[in-house]
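A.B. asks: Here you go, one structure.
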Amino acid sequence: MNLSLVLAAFCLGIASAVPKFDQNLDTKWYQWKATHRRLYGANEEGWRRAVWEKNMKMIELHNGEYSQGKHGFTMAMNAFGDMTNEEFRQMMGCFRNQKFRKGKVFREPLFLDLPKSVDWRKKGYVTPVKNQKQCGSCWAFSATGALEGQMFRKTGKLVSLSEQNLVDCSRPQGNQGCNGGFMARAFQYVKENGGLDSEESYPYVAVDEICKYRPENSVANDTGFTVVAPGKEKALMKAVATVGPISVAMDAGHSSFQFYKSGIYFEPDCSSKNLDHGVLVVGYGFEGANSNNSKYWLVKNSWGPEWGSNGYVKIAKDKNNHCGIATAASYPNV
C-alpha cells in the first residue's frame, strides 16, 4: 500500500478522535476556567471541555423551555460545570440517613393560626451562606445552621459555629466526617461532648483531621434533639413557624439541582426516600398574589453564595413531600 495513503488514513483517524467543540462557546469556556481557576493536563482538557459544553447546552435548553412556561425555575452555569452528574453525586452526596431513636418527637401545636410566610433571616437567626467545598460535610452545615438559630433564640447573639468541630470529632456518634453523616448524630455529639466550638476558634478546612475541640472555645450546647413527623409537610411548617430554622435532608442529585439558579425548584424525578444532601429550611412562602399557589420552602444550602439564589433555593411546597424535604427533619433542643 502507498505509504502516503497509510499516513493520510492515520492522521484522519486521529483527527476524527478529537472532540469537536462549539467555537461560539470558546470565550465562555475560557472565562469559566479563569473564574474557577481550573488547570487541566493535556489529556484532561478535552474531556472536561466536552462535559462543560454538554452541561452548558442542557442549561440553555432548560432556560429556553422556562421562557415558554414549561418550568418554574432557571438554571445557570456554576462551579460544577465540568463535572458529570455522576461525579457531582459522588462528591456532594453526604447525607447518611439512619434510624436514631434518642430524639424527642415534635408535638404539633393544635389550632395554630400559621403565618402565610416565614423568613428567619429577617429575624437574625441565620448566618451567611457557607461552602462545604469538596468535603461531604453537608450534614455538619445543616446541623450548625439549626443550632446557630436556636442559640440566637436563647441568647440574642448570632455566632457562627464550627462545622470542622463536627467533622473531626463526631465519629463516636456514627458520623463519617467528609464521607457523610446525619444531623441528629451531630446534635447528639454536642450534647455528649458538652459543647461546640465557634467557627472562629475552629475554622473549616474541608478535610478530615484529628479532633481539636477546646472547651474554653465552646459557644453552643444542646440537650438532645427533636424529630418532626417524617413526610408530613404540615408538621414541618408548624416547626419552622414556631421553632426556627430546621435541619432537613433531600434528594439533591439531579442535574437540575446541580445547576439551579432561581425560581421554585420542582424535579419530576425527585425521590422522597432516597436522600443524599443535608440542608436548612429557614422559612417558607409563596410567589404571586394568591398564597395557595406557587408555595415554596426557603432552603439554605452549603455550596457558597455563588450557587443558586445567593446560596439559597426555593423547593416546591405541599407537593407530596417533594424531594423528601419533610422526610428527615430535626432540630436541637437548647
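Any Cβ shown, glycine's included, is placed from N, Cα and C.
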A.B. asks: With the disulphide bonds as Swiss-Prot has them, who is the partner of C211, out of C169, C270?
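C.D. replies: As annotated by Swiss-Prot, the paired cysteine is C169.
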A.B. asks: Any idea what DSSP makes of H277 (active site), helix, strand or coil?
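C.D. replies: Strand, per DSSP.
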A.B. asks: Nearest to C135 (disulfide bond) by Cα distance: which of the recorded positions C211, C270, H277, N292, C323 is it?
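C.D. replies: So, of the listed recorded positions, the one sitting closest to C135 (disulfide bond) is H277.
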A.B. asks: Excluding near sequence neighbours, so keeping only residues 6 or more apart in the same chain, what lies with its CB under 8 A of C169 (disulfide bond)?
C.D. replies: Y189, N193, C211, Y213
A.B. asks: Which one is it: of the active-site residues C138, H277, N301, whose Cα lies the shortest distance from the Cα of C178 (disulfide bond)?
C.D. replies: C138
